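*Asks:* Here you go, one structure.
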Amino acid sequence: MDVNIAPLRAWDDFFPGSDRFARPDFRDISKWNNRVVSNLLYYQTNYLVVAAMMISIVGFLSPFNMILGGIVVVLVFTGFVWAAHNKDVLRRMKKRYPTTFVMVVMLASYFLISMFGGVMVFVFGITFPLLLMFIHASLRLRNLKNKLENKMEGIGLKRTPMGIVLDALEQQEEGINRLTDYISKVKE
């Protein structure tokens, strides 16, 4: 199946008034995780544009350290994903504790970059856009169009870059399992 780039959402949809933002329910982690994953899929192009602008600004100010930081993060992330698919202990950790898995990748990247002296460039150029994406995805309430787009992605009618990344982190598999369970119950 071809990979489709999600459309750029309008600014007033991406960042509407305060009535479309709410604090997540920290007691219900699965609901919070569902909101984050749904928003990451729906607003992925907006997140990419914001991250590209921030990375470009930091990259303009310190190009060598920014390129070095990007290479280290990609290599560490690829190494952890490869290890998680080949080592059962890491695979279970990634499945049960996805936030911990991402934090370990970021910490490993931090320590590798600190050896090269580009820690601040890494922190502001790479992790700050990721932090902003996570905060927005956590606080932004979903709308009906968001939910519909996510169902299409979940059942495989659409394939997007963020969907591929979330599949690599095994964050969409649970939603697909719930959807197939629901469909089988409806058929009975």
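Every residue gets a Cβ built from N, Cα and C, even glycine.
The following feature annotations were taken from Swiss-Prot:
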| type | residues | note |
| --- | --- | --- |
| MOD_RES | MET1 | N-acetylmethionine |
| TOPO_DOM | 1-35 | topological domain 'Cytoplasmic' |
| TRANSMEM | 36-56 | transmembrane segment |
| TRANSMEM | 57-77 | transmembrane segment |
| TOPO_DOM | 78-93 | topological domain 'Cytoplasmic' |
| TRANSMEM | 94-114 | transmembrane segment |
| TRANSMEM | 115-135 | transmembrane segment |
| REGION | 136-188 | region 'Targeting to endoplasmic reticulum membrane' |
| TOPO_DOM | 136-188 | topological domain 'Cytoplasmic' |
*Asks:* For the topological domain 'Cytoplasmic' (136-188), what is the mean per-residue pLDDT, to the nearest integer?
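*Replies:* A mean pLDDT of 66 is what the model gives the topological domain 'Cytoplasmic' (136-188).
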*Asks:* Which residues of the chain, 6 or more past the ends of the topological domain 'Cytoplasmic' (1-35), have a CB below 8 A from one of its CBs?
*Replies:* 41-46, 49, 98, 136-143, 149, 156, 158-162, 164, 171, 175
*Asks:* Please spell out the DSSP helix, strand and coil residue counts for the topological domain 'Cytoplasmic' (78-93).
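*Replies:* Secondary-structure breakdown of the topological domain 'Cytoplasmic' (78-93): 15 helix, 0 strand, 1 coil.
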